[in-house]
Amino acid sequence: MHPPSRQDYVSISFAGQGSEGYNNSKQWRRQSCWRVSISLSPPVFTVLWFPTTPTVLLFPAILANISVEKKILWIWRGAVIDTERATEGIKDEENNDQKAKSSKESETSRLEAVQAAFRHAWKGYKNFAWGHDELRPLSKSYSEWFGLGLTLIDALDTMWILGLKEEFEEAKAWVATELTFNKNVDVNLFESTIRILGGLLSTHHLTGDTMFLDKAKDIGSRLMSAFNTPSKIPYSDVNIGKGTAHPPRWTSDSTVAEVTSIQLEFRELARLTQEPHYQDAVAEVMKQVHKLDGKLDGLVPMFINTNNGQFTHQGIYTLGARADSYYEYLLKQWIQGGKKENQLLEDYLQAIEGVKKNLLQKSSPNGLTFVGELSHGQFSPKMDHLVCFLPGTLALGAHNGLPADHMDLAKQLMETCYQMYVQMETGLSPEIVHFNMHQGSTRDIDVKLADRHNLLRPETVESLFYLYRFTKDRKYQDWGYEIFQNFNKYTKVSSGGYTSINNVRDPDYPSPRDKMESFFLGETLKYLYLLFSDDPNLISLDQYVFNTEAHPLPIWPSTA
């Protein structure tokens, strides 16, 4: 995964008189040799004259960047170069070397800090919640959602990417021997697809271990009963033991984001198993949503009826909860399939134009660009933290050849999402913010009492990862490290694990909620690690596409 380093220079050492031979000691290098670094280019003959040892050496080189130690006269194409001045190049080179060394040390220490945070979280899960869905770190217990070891499965590929082999092996052993889907339990189609199916498929690809693929086939086949509806729009809930599915008790609607954000996983399962019915089922959903009435400039409502296949609760448009990942998966399916499915691309591009036309505004007093919501023609300056997936998605699109102004907007929104952290007393973002738009405002962001919680969500650090990968601007790494330090400061539980908190505005008592969401290990820490790494081939974005739970799936090889 690491390309060979490119050698841009050669280093040549000459021993002084009476040298006993080169031994690479610092003392030998300090006292007894001249070192010359020579940039490689089309060669010319160069003459070196050493006053202390009257010897003329000729060898091919071109002197573009010269660094020398001790006084040497260089004769190059008839010109004499005074090395007193040439030594100024030494200082520049040494400064650059020092910066590179400092940068490498910073990268290493940050990566190790994320590994340590994962191990601390894992310690709590292993000691108090092993095999269960989620850790309750304060009460040293656990909570169940599906009863399927959700945190463990969500964290598998994170452990692999972070190089935590011991932890990975013990988790793998649990999956192999303890994980069963033959249970009389209702699961949410969307959540179990993105976390469990996505996590198993990703881990299969990273490790090559077919055991994970076998488990993925098992859960994937059990989820298919959700698509047995009059409209082919899937139900939200599936009993994976009985093979039955149903909508929530209170409605026959499904959430638009949920039915349109399971496609990456089922498409990949179809490709691996050569069973096209998995892909056919999720493609039918996209086909129907594509042609539905009720959109506004490509923006979709939040709910869709499973009986008639029509949008419901029309007139409300958001990029937050219940709609967010619909937009993300339009782009990512297009990328996954090799940029051939133009209908997906067209829907994505239209939606981004719809965002710019209907939902984009600037705050006061600092003019932060934000994405609000529209309700029956009325604009609301409300923005969920979930919307902070958007800078990363826009950047990913621009990287794949979409309009350059998508990257410009990504950078503006990235700043806004960062400010959602910076402007809070704990340095952690609330779940929802409201932006001030009226002149005379003293602060850009207001937070309602009910919205002040932080669930250890990943969306901002996810987007920071994309922005850093594509721009190499280290400020994005620095912003991520600030956020990471505040997670450590305000959410770390001493006995193991991290906890969601109720109040990001109170650094003295942020009011811990006693719950560590599985996505903290599956997404947040993974994206932080990838953000701090300077290796673009560590999950290359030209080879993988991340599902909405941060599980990397391969971009399909071209059949051309």
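Keep in mind that glycine also has a Cβ here, set from the backbone N, Cα and C atoms.
Per TrEMBL, active site, proton donor is recorded for Glu191 (among others). Non-local neighbourhood of Glu191 (active site, proton donor): Trp145, Phe146, each in the same chain, at least six residues away, with C-beta under 8 Å from its C-beta.
The annotation active site is assigned in TrEMBL to Asp324 (among others).
The Cβ neighbour count for Cys388 (disulfide bond), using a 10 Å radius and every protein chain shown, is 29. The annotation disulfide bond is assigned in TrEMBL to Cys388-Cys417.
Cβ-based neighbour count (10 Å, all protein chains) for Glu431 (active site, proton donor) stands at 20. Sequence annotations record features per position, and here TrEMBL assigns active site, proton donor to Glu431 (among others).
TrEMBL lists Glu459 (among others) with the feature active site.
Residues or ranges marked as Ca(2+) binding site in TrEMBL: Thr548. The C-beta environment of Thr548 (Ca(2+) binding site), restricted to residues of the same chain at least 6 apart in sequence and closer than 8 Å, consists of Ile194, Ser261, Ser325, Glu328, Tyr329, Phe389.
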Legend entry - Tertiary neighbours of Cys417 (disulfide bond) (same chain, Cβ under 8 Å, six or more apart): His385, Cys388, Pro391, Ser429, Glu459, Thr460, Ser463
Legend entry - Those residues of the chain, 6+ apart, with a Cβ under 8 Å from that of Asp324 (active site): Ala257, Thr318, Asp384, Leu386, Val387, Phe389
